[in-house]
Amino acid sequence: MTADTGQLERNLGFLEAMTLGGGTMIGAGIFILPGLAAEGAGPASSVSFLIAGFVALLAALSLAELATGMPVAGGSYHYVNRALGGVFGSIVGWGMWTGLMFASAFYMIGFGQYIVGPLPFLDGRALIVLLGVLGLFLIVGINYYGTDESSGAQNVMIGVELIIVLVYVALGVFFVDPANLKEFAPTGPTGIVATTGTVFVTYLGFEIIATVAGEIERPGKLIPLTMVLSVVSVTLLYVVIMIVSTGVVPYQELGGSLVPVSDVASISMFGGIGVAAVTFAAAVAAISSSNSSILAASRVIFAMGRDSLMSERLNVTHDRFNTPHRAIITTGAVTGGLILLGLQVGEIVALLAQVASFSFLVTYALVHVAVVVFRGADPDEYDPEFKLPRLMYPTVPILGIVTAVVVVSQMRAPVIVVGFGVIVLGVVWYAVYARDRAFEEGVADEAVEGLLDELPDFLPGSTPTETAEETYTIVVPVANPETQHGLLRLAAASARAHADKESPELVAMNVIEAEETSRRNVESDRIDHQHALLENVHEITDGMDVDVRTRSLVEPEIGEAIVRVAGEEDADQVLTGWNGTLARDDYVFGKTLDTVLSEAPCDASLAEIRSDTVGRPVALAGPGPHSPKAAQRAVEFATVQETTPVLLNVQPPAPDGESDPVRRGHEAVAWVADRAGIDREEYEVKVVVDEDTESAILDAVDEFETICVGLSEKSDRSRILFGSIAERISQRETGNVVVVRGAEREGEVPDTPGETVARQDDA
Amino acid sequence: MRLVPKICYVPHTDRITVLIPVDISDSYSIPAAVLKLLSSAHVVVLGYYPVPSQTAPAQIKHQHETDAERKLEAVANQLSGHAERVTDVLVFTHDRDETIDRIANTHEADAVLTPGEVGSVDNVLVPLRGGSNVENILSLVKTLLEPTDSRVTLFHSVDEDDAEGHGEDLLEEAVEHLIKGGINRSRVDVQLSTGDDTVSDILTAGGGYDVLVIGETKPSLRDRILGRVPSKVLMDTSEPVFVVRDTEGTDEEEE
């Protein structure tokens, strides 16, 4: 049985991603925004859409790079949090959540307006608000009980809606009166930019694709494709719609209308039939857009909870329906409150749209910053499939930030006040709630370091010797939480032993074994593992007085990944765990460990951790090319509890009394110690004389808590034999067993103590 | 990361691989009679946890993984004494069908078992739809029948005027195939039907059957757009059904 951990399926294909992203974008906005836009900029509002579309396209490009680099739930929030740390994470998380709530309320008021519009006996703002709340109630209800992706109902609804919109455009073209377009930009450039701030709400649709990035098939391909495609096609559609709408109905009239598209349709689409069709499409659009917003909001809340920036209680899923019902109810309640504000505030629709735009403009600006930070820091886990091409980087992020700031600066005072209120909320939330809980640190610091490394000559005070300092690096693959502590402790001891010449450094790594398949979400596993790593490794090594870094990888072969990392880090040693048994098939220690032992370009140690303490280590100072390394490790490990290690040698009794076996043993140990560069006062010697070497070793090591054994490498056969001694030791012992292999140096023939040993001074 | 040595790879042999999808959010146990059929098969138990579109699969995994693993292990343990080899897979998914397809592909499953209720297996009904996929269907039938003494009914439905006797030829060849595979002729029945409604023909065929073995059908265009509808036979039957995958045709389907 393979007893894998649970896999996460990627179920959303091209069509689903387009319905979520594009559907939301052409959704509600198309029916409400033409009125607001015409009021703000006349026929030139089509230019506003072009500008908004351009700003969105820049954001979509940056977001696509980040989303393919880290395709997991949470969208922009996750990337900003990873790049810039908890404060900005909190700002963007809250900004996205509230932005989605404002947008949802905006859609639902539009829903009310379109229902009330064609029915003459229904009238008044109270009714609009009431219908909006009822519609929202319906959506929250559906989401509470949960829906199934495979029904396809949403695809059909949005398909019908799209057809109605296209018919509207196609027929409308014939009714355009050029006289209506004569006064193209009545409010001038400032009006156009200000209107951009209103219509930008449309473009939070592609963000929804990013929030469900963890569920999209072939994320490397589909995420950039659907994001860019939806932004471009929706922008073109809106531009045409604005020209048609303001061409058919004069912008002054259109601007005053609550149901602008119905007004146009009553002229161009056969009167009543057109109005009915548009009303139907508007209702569908509002509901599907609002629905998508709620889906996206619960993903953001989940992602925040994952980083301890939000209470996990909000993320508990329903026992029976498996929906995040608390998050959905909370989102729905706040959205309902915003809709009810419509009773008091006259311009509620524009205000809701603009606040949502503000939040997402701020979010996208920070996304651009995040791209720059990730490029600068270049953490190992960041390997986006879609990368901004050379010509676009850093132009896209810089232009994106500048344009977002320009659009925000033209917004009305109350919007800016509310928008900044949300930012302050994020900061305060972080300071009061999250700071002590969240452990995620941004990679921004690394990015700054990266830049400093690149530009040492230009920066005063950074001396090249600092960066060029020698480090003794040990790569520690960690996987098992129970033995992690023991491994790191041994590694830290081993690294610190070199502190006089080189600065000690540990690289804790974890590999998720997976092929890069398109349908399975290994990214999410990666995040879970990474968090466990970050939390535990840093906790454990705190106070061990070594530099610690962590690396998290997804590779098909664990052993090869370890070897590769050891090479990249220019490691001096790899210290990995071992379960104490030998493989029964073609492998000696198992596929992974065999790869590490045979290919790692440095010392390699396999440690079976079974004791909480290191105690007094013993090394088998017998023949074999790696005995000196084993002795060296024993000396290093002894520093943990400041004991003196024992070097053990077993000799057979003298066959014909030619030389004293005890003396031979001492000579052999001295030879090993000399090869390892260990001074005489650093170890004690124990020599056992026995016929049966193996059982003598087993008896002698019984009292020790940590046993270091050099790997025998004379032939495949003896390797296996030797492995079996190590295995037998590990079966009998309760303590730790470390199998040691030194770095292979070319041209150095592994030799054994011979006659030359005699010249060792036995001080 | 696992540091225990991996079980060495067993090359693909004649052994039949059967995938059993199990809704792991529910309680489930495999009927004892079905266990017996699987004695010489490699069984892949797919524990799938259905996730509504409102929830990120990672979120459900976060909250229910331990529980789901425990349940899956219980099902796998139930099987391990009976089947030749057992593999278990746990997946959190929005779409059960997609997951079944993917896991069936990665494990090269020959058939997918939709579990049902059954007391004992005395008769296995095998409707054959024509030349396609017949070999795969018959090798599965062989594997299922070997460890039991159940009977098998081969069924084929033809148009009114099957003058050339294609239907009879098909059934005759199928019987030959089974006999060659070591199934006693006395255990094999054949039935040729000339009705219009294939589905109801199948369901009423042979009077009583306990297990159904059918070949898979390709999803139609409508199924692709509107999402897949379980085949009518599957919907109308409460007995265990083995759906045999058309392994020859699957390659063309891949993009």
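In case you wondered, yes, glycine gets a Cβ from its N, Cα and C as well.
Feature list (source: TrEMBL):
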type: DOMAIN; residues: A:473-603; note: domain 'UspA'
type: DOMAIN; residues: A:625-741; note: domain 'UspA'
type: REGION; residues: A:743-763; note: region 'Disordered'
type: TRANSMEM; residues: A:12-37; note: transmembrane segment
type: TRANSMEM; residues: A:49-72; note: transmembrane segment
type: TRANSMEM; residues: A:84-107; note: transmembrane segment
type: TRANSMEM; residues: A:127-146; note: transmembrane segment
type: TRANSMEM; residues: A:158-176; note: transmembrane segment
type: TRANSMEM; residues: A:188-210; note: transmembrane segment
type: TRANSMEM; residues: A:222-244; note: transmembrane segment
type: TRANSMEM; residues: A:264-287; note: transmembrane segment
type: TRANSMEM; residues: A:348-371; note: transmembrane segment
type: TRANSMEM; residues: A:391-408; note: transmembrane segment
type: TRANSMEM; residues: A:415-433; note: transmembrane segment
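Across the domain 'UspA' (A:625-741), the DSSP tally of helix, strand and coil residues reads 59 helix, 23 strand, 35 coil. Highest Cβ pair count under 8 Å relative to the transmembrane segment (A:84-107), across stretches A:158-176, A:188-210, A:415-433: A:415-433.
Within the chain, the transmembrane segment (A:188-210) has long-range Cβ neighbours (under 8 A, six or more residues past its boundaries) at 17, 20-25, 27, 29-30, 33, 36-37, 40-42, 44-45, 47-49, 51-53, 55-56, 59-60, 63, 66-67, 75-76, 96, 99-100, 103, 106, 216, 223, 226-227, 230-231, 234, 238, 289, 292-293, 295-296, 350, 353-354, 356-358, 360-361, 363, 406-408, 410-412, 415. Counting C-beta pairs under 8 angstroms (sequence separation of 6 or more), the transmembrane segment (A:158-176) reaches the transmembrane segment (A:264-287) with 3 or more such pairs.
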